Amino acid sequence: MPLAHPQDDRKVTKQNPSGSSTEEIANEPDWARAGHEHYAGYKNRSGRRPGVVGRSDEEDEVDVQASWDELKETQQKERDGHLVNWQDAIRSEKDLSLYHPEGHPNGWRYVLDYTEDGIGNQQKWPANLRKWEKQRQQQEKKEQQQQDPKNQGKDKSDQKSSQQNGEADHNGEGEGQQDNRSEDEKLRDKYTPQQIALLRAVQHESEYMANLETNDGTGHSTVRNRTTIAIDEADQFTPDNWVPRAPDLFRLTGKHPLNAEAPLRELFEAGMITPNELFYVRNHGAVPRLLWEYHQLEVCYRGQSKRFSMDHIKSKFHSINIPVFVGCQGGRRKEMNMLKRTKGFGFGAGAIGCAYWKGPLLRDVLMASGVPAHMPDEDRKKYHVHLQGADNPGQALYETSIPFEYIMDSTNDVILAYEMNDVPLPPDHGYPIRIIIPGYIGGRQVKWLQKVWVSDKENDSYYHIWDNRFVPSFVTTNDDELAVAMFHHPDTALYEQCLNSAITVPHHGDTIPLENVAKGVMYRVKGFAFNGRGDAIKRVEVSLDDGKSWYYCIRRFPPAPVRHGKKYWTWCFWHVDIDIGDIVSAPSIRVRAWDVKMLTQPEQPTWNLLGSLNNAQYTVKPEMVNDDSPHVLFRHPVEPANKDGGWMKESAENLIAEAAMKTDAPNKQFTRAEIEKHDKEDDCWIVIDNKVYDATSVMSWHPGGKAPIMMHAGAVHYDTTEEFSSVHDDYAHQKLDECVLGVVTDKTKSFIERTRQDKAKSGTEIPADQALQKHRWVPAKLLERDWVSHDTAVYKFALPGDTEFLGLGTCQHIEFGFHLRDRMLIRQYTPTKPVLPRDCGIDAGNDAELHDGSGSFQLIVKTYFPDEDQPGGALSNILAAIPIGESVEMRGPTGEIVYHGAGKFNIVGQEKSFKKISLVLGGTGLTPGYSLIARISLDPKDTTELRVIDANKSEQDILLKEDLSRFEQESNGRLRITHVLSHPSDGWKGLKGHVTKETMREHLFPPAEDSLVLLCGPPSMIHKAALPALQEWGYDPDTNMFGL
């Protein structure tokens, strides 16, 4: 069978739209001038259409159908006596973490899986473990003090000198130390700075290295992992919507799948054992949703198969717990990409980590399955152990194979790990079980392990052949005959990690003011180094003169780093003290490490198509800045993700290639409104570089699946351009060209640019006692449910953790979420309590819950129950049925309209005042307006006048009718409410029918400079009745007409 690349002729089909009409283009709002997210009926950043509640028939079909599929699966449970609802259905089948939290990682979510302290925090952190951790931290601190050469001998003169000189502040992380000891003066007279550094290192290491302890496999992690977990909004519309992730990580490939690394500063300062939340993540697709209780590892040998449960693996085999360094083979690829584009995305130097991993040896489990320690014909045949993960990135299941003899050598410590840093594996790191192969690249250490087998042939799966390879530099594509041959050649496969090192201090962006530069002040340069196969780092050197001479560095290892007498599975940290004057005058600071074979790192990277194993000498460059405060600025080669502040710049070859990829688009223009219509799987448009593409046909063969595309379907923002450029190669650009439909209008182009600028702005810090976070989902626990009618209930929720304040402004909303298989189900509600923000100065009387600060909030929600034709409203049924004590996700506040009292609003950052406010509300759209009505009505000093139209079907559908009536009666004419019913009873004496132009002109304030109208209701009422009539009357969507 001939070799072939699986990248076949993937077909692209597209629509042939005529483009927006001349009238539509002319009438498109000027998005750049508008500058707000409250155009009624247009999608905002959250994908919501302000002023519109409920969904059109098409939108309802998409959301409800996904929910209906889940509901069908629970009908048998209903017949067995179980309550049917969204949360209980999934929990009864799969979410056993509520009953057995000890088997799940911190922050585990499946459906509604929250307690006040998070899943299993107390169970997972027993008192004796905390005690061990504290002891380890104290021991590490003690060792660090002992490793400082100035503390050796402990003589009083050294201590006195240290106390007098302390550390110089260089506005960076370098440690300044002025050394006036006569011994050092003598050394400087006799030796060069490089020789002094060597002498100090040798003196230190002669004792330190000799006393390194051997690890017996019974240790414990020295780090404290996260205790509070939130879900990033970037994951809400992906299959990973249930996975908690730290905000510290830089995302490198857009929102999905997650590929991320920690900032180098935080990674290094965390210490030699990396906390779970700072460990790099390399995912090829969605995180498999596996359960400890159900997951089994299948081991196959000679036609026989044996399955091991997780409890069996944990309890029946001897486990070891050792620190192991793991690094991605694509680490530092971004430096290589600056020279010439590779097929991989741009990991920086932070795609690494060293953690404690616990579990039995794979060797032991294989032997328990009948696999011999040595094959009888191993002298004639080469055997391989195959590993298969449960993740299916799109091409195939993730598989690889490892040489049999390496696995079966017990001194190689190949572990079936079920814990990371003494807690269950986080989902991103392979929960519930993964393979850890010390000394190997991360790509061979399969996560979510589900199957192991032995054969005499190397694995031939997609990811074993086409990933984790090092092909010659002359191979520049992966789809010609030469490339196919090289990728299938066994000698191009990568297994062992390679020798590498990096500088962490000075950090990128650190500065040294020139006024701090003085003779005798020492600057401590720091960093890390690592190697593969258990080989030790023999020495680390730093050069300040482009490699002409080198400073010998002092090494430091984690406690008990040695295994089996000679193997080092961890990294090492290093440092060297150098005169600060030499630092600021150096053309560069570069580092290189040496291994046991006395091999060292090359000066320049060896470019290869996959960008693998860049272990060139890491170089930091000082840069003189002559401003009001002259200083030296340090730049690393590159910054993480899409940042471009490193000293390396795009090569001319890259710039030429980028220009060649520019797409010639048809001469058709599309408005924002037109693009937003195409937001479904069977009708999906995306916008990249201000061009419009029909991506519908790509769904079926996209390597990353549908999720990464659907997150941008019908979305008009800069994120799509940014994420596409970060991960796609020339082939992807070629296929993209085939999808092009036209370009966006000039007004839409301006809007996209504004979304880019808005994203670049830093977020505002929130108070520690506030629950709501704009970009993170947090749990809210249901405390009470009070049915006020046959289909409407008041829900009371507790705020999470120690937070007391909700943090919601008047007219703002909260998004609530529930985890489904492919995405998070999201609906928006506005609380009916509290309605008075903190520090507003309004006396709420005896009802303290009207004021924010009670630690709770209330919603009033109408439940759209299922019938024989449809499954009903998804989230409203979930809220109606979940047991008291369960939680839902929430985030916010959303909405850029905030009322501050006395007629004063903040609308998209601009202060505006109005004396007369009109509200057009319909159905459940009442609640956003209710918060404004209540705020004004409860403030006796607020003279703002209100006119309200509230449209519903029947009397029973009018929400909060008693409260509204009371507010109106007590308002002294400031508030007037007009109810309009489309299907009233015979006894109804109010208005009948629908909201019309005549109704609004009779019962609302006319347009004026001091008059504002706000809308929130069903799509048909807003688009067909309210908006056209109000604009015809004279209201302007840019100045005094907005959707809530």
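Every residue, even glycine, has its Cβ placed from backbone N, Cα and C.
TrEMBL has this to say about the protein:
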- 1-12: compositional bias 'Basic and acidic residues' (COMPBIAS)
- 14-24: compositional bias 'Polar residues' (COMPBIAS)
- 30-40: compositional bias 'Basic and acidic residues' (COMPBIAS)
- 131-159: compositional bias 'Basic and acidic residues' (COMPBIAS)
- 167-187: compositional bias 'Basic and acidic residues' (COMPBIAS)
- 667-745: domain 'Cytochrome b5 heme-binding' (DOMAIN)
- 775-900: domain 'FAD-binding FR-type' (DOMAIN)
- 1-63: region 'Disordered' (REGION)
- 131-187: region 'Disordered' (REGION)
Same-chain residues at least 6 beyond the ends of the compositional bias 'Polar residues' (14-24) whose Cβ lies under 8 Å from its Cβ atoms: 668-671, 673-674, 693-694, 696-697, 738-742, 745
Helix-strand-coil residue split for the compositional bias 'Polar residues' (14-24), DSSP-based: 3 helix, 0 strand, 8 coil
Model confidence over the domain 'Cytochrome b5 heme-binding' (667-745) (mean pLDDT, whole number): 82
Per-state residue totals over the domain 'FAD-binding FR-type' (775-900) - DSSP helix, strand, coil: 11 helix, 56 strand, 59 coil
